[in-house]
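Below is one structure, written out as structure tokens; comments come after it.
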Amino acid sequence: LLVPLVTFHLILGMGTLDHGGALTERRSADATALKPEPVLLQKSDARSTDDNDKDRLTQMKRILKKRGNKARGEEEHSKYQECLREIRVNNVQQEC
């Protein structure tokens, strides 16, 4: 009983079903209205600067380049710390 009532409402409310275009256009317009607009960032807005107005990303690249192989990533550092804890707890020599 509910299905014929809904179908009848769609036919009268949104246009005829024989064309099909009215329903499709309305749905696509609704979907377009729900899409968020893209945020456009300029390069100056996307990058942060320190107190001396120097680009932090460029400074970090220079620091890492100077350190060379001595620089450790966060994952490598945490793995190293975990290995040291296991050695202390288990009093076992392990290859880190």
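Heads up, the Cβ atoms here are built off N, Cα and C, so glycines get one too.
So that you can see what the record holds, here are the features copied from Swiss-Prot:
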COMPBIAS  44-57  compositional bias 'Basic and acidic residues'
MOD_RES   E75  4-carboxyglutamate
MOD_RES   E76  4-carboxyglutamate
BINDING   E82, E86  divalent metal cation binding site
MOD_RES   E82  4-carboxyglutamate
DISULFID  C83-C96  disulfide bond
MOD_RES   E86  4-carboxyglutamate
MOD_RES   E95  4-carboxyglutamate
(message) Tell me the Cα distance separating E76 (4-carboxyglutamate) from C83 (disulfide bond), rounded to the nearest angstrom.
(response) 11
(request) Measuring Cα to Cα, tell me the gap between E86 (divalent metal cation binding site) and E76 (4-carboxyglutamate) in whole angstrom. (result) 16
(request) Write down the Cα-Cα distance for E82 (divalent metal cation binding site) and E76 (4-carboxyglutamate), rounded and given in Å. (result) 10
